[in-house]
Amino acid sequence: MLEKVVIANRGEIALRILRACKELGIKTVAVHSTADRDLKHVLLADETICIGPAPSAKSYLNIPAIIAAAEVTGADAIHPGYGFLSENADFAEQVERSGFTFIGPTADVIRLMGDKVSAIKAMKKAGVPCVPGSDGPVSNDIAKNKEIAKRIGYPIIIKASGGGGGRGMRVVRSEDALEESIAMTKAEAKAAFNNDMVYMEKYLENPRHVEIQVLADTHGNAVYLAERDCSMQRRHQKVVEEAPAPGITEEVRRDIGSRCANACVEIGYRGAGTFEFLYENGEFYFIEMNTRIQVEHPVTEMITGVDLVKEQLRIAAGLPISFKQEDIKVKGHAMECRINAEDPKTFLPSPGKVNHLHSPGGLGVRWDSHVYGGYTVPPHYDSMIAKLITYGDTREVAIRRMQNALSETIIDGIKTNIPLHELILEDENFQKGGTNIHYLEKKLGMNE
């Protein structure tokens, strides 16, 4: 087993990693910025090292400082958590080159899955369903383009190869508009990105966001741990997550889950990972793979009984996964609300001192947070201050428990988005289950 781990992160995930290390008897090193001296995990770690000033670029993204911290403390591994350097292939490479274990996949796999084109190619090869498309840029041959569009099926979306941020995209609903739309998107792409290459993809009108949790070890084993539904989003940021996803049968779960597990073996994956899909009309379409632990991992832990962070540590130590696929049984239902220090109406961050905190409790209630009474939420980082997770035998029980838990929570001194969560949980369509990724923004009157 690993002997000493550097926790290269902050906030609730750093505390989550510390708890798993302690349970496994692993010593911990907390690296922190000058703004984070009073973080809960910093107060609890075996050793602490300040790695720089408050801005992330000078601390949590400071690769030489993090590796130096591992060297001076005699650590044998570094856990990147999520965000920051967790999906930075250069960091993973430098960690391993410096003689430490990176708790995550290899740098090559992070690179492969971090590039959209190579990731989709690898997934198609491994039998994971992807969004049907033109398999590369379209030509000027309109007859051929019409043929491709017909094969994909309308509506389609034309995207600029060099595009991003919502620019250089056009939805086409019929063949009549195809030629003109391609020409217009090409012209836009040339003007905006100096690259007029465009490609076609099937346009999904009202998809849900469904993702599959996987674990893979260095002994050729890979397992899937059911799915999560993260469709309740605002500005592409997940707000509420749940597991399992409403309406997904065991048969469907087994099919898509085993494809993801097989893909892990194909690409030589190791550690915890998540395959993200758009799900519409009973079909899954791969969008990307997250090569790290995710914010919403607790809902999977609640329904499977697996400690995902402990498995990450075991795998990094060279041990096989501690269970087999057939041992995994989905039981009950779990929900997670991301509690942010922000104004519930304007969504602007609300840093400051937490004068008083009362966290909820009771059967099936889990509170993952680094915040305590007297703690000051700094303005430099992500606004998430807690994750409230509830579990019940049924989805209805999990929702009711979440409503109770939210009403019990007292966070005095700063504003939080708890009113937004209360609004979502009492929404009739959310209670039925299966709302799509646009639902919350439409409800908030945000659809642009």
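Quick reminder: no glycine exception, Cβ is built from N, Cα and C everywhere.
Note that the coordinates shown come from a computational prediction; the quantities given were computed from them, not determined experimentally.
Swiss-Prot lists 1-445 with the feature domain 'Biotin carboxylation'.
Over all protein chains present, the Cβ of Glu288 (Mg(2+) 1 binding site) has 16 other Cβ atoms lying within 10 Å. As annotated by Swiss-Prot, ATP binding site applies to Lys116, Lys159, Gly165, Gly166, Glu201, Lys202, Tyr203, Leu204, His209, His236, Glu276, Glu288.
Under the heading domain 'ATP-grasp', Swiss-Prot lists 120-317, citing sequence analysis as support.
Taken from Swiss-Prot, the feature hydrogencarbonate binding site covers Lys238, Arg292, Val295, Arg338. Other Cβ atoms within 10 Å of the Cβ of Arg338 (hydrogencarbonate binding site), summed over all protein chains shown, number 23. In the three-state DSSP classification, Arg338 (hydrogencarbonate binding site) falls within a strand.
According to Swiss-Prot, the feature Mg(2+) 1 binding site maps to Glu276, Glu288, an assignment based on experimental evidence. The secondary structure of Glu288 (Mg(2+) 1 binding site), as reduced to three states from DSSP, is extended strand.
Residues or ranges marked as Mn(2+) 1 binding site by Swiss-Prot: Glu276, Glu288. Spatially close to Glu276 (ATP binding site) yet at least six residues away along the chain are His209, Glu211, Phe286, Ile287, Glu288, Met289, Asn290, judged by Cβ distances under 8 angstroms.
Per Swiss-Prot, Mn(2+) 2 binding site is recorded for Glu288, Asn290.
Under the heading Mg(2+) 2 binding site, Swiss-Prot lists Glu288, Asn290.
What Swiss-Prot records for Arg292 is active site. Around Arg292 (hydrogencarbonate binding site), a 10 Å sphere centred on its CB holds 25 further CB atoms from the protein chains shown.
The biotin binding site annotation in Swiss-Prot covers Arg338, and the record cites similarity to another entry as its basis.
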For Glu201 (ATP binding site), the nonlocal same-chain Cβ neighbours (under 8 Å, six or more residues apart) come out as Val131, Pro132, Gly133, Ser134, Ile152, Ile156, Ile157, Lys159
Among all protein chains shown, how many Cβ atoms are found within 10 Å of the Cβ of Lys238 (hydrogencarbonate binding site), not counting that one? 19
All-chain count of other Cβ atoms within 10 Å of Lys116 (ATP binding site): 10
At the Cα level, what's the spacing in Å between Val295 (hydrogencarbonate binding site) and Tyr203 (ATP binding site), rounded? 28
Using a 10 Å cut-off, grab the number of neighbouring Cβ atoms around the Cβ of Asn290 (Mn(2+) 2 binding site), all chains included. 19
State the three-class DSSP label for Lys116 (ATP binding site), counting H, G and I as helix, E and B as strand, and everything else as coil. helix
Spatial neighbours of Tyr203 (ATP binding site) that are distant in sequence (at least 6 apart) but have CB under 8 A: Pro155, Ile156, Ile157, Val171, Val172
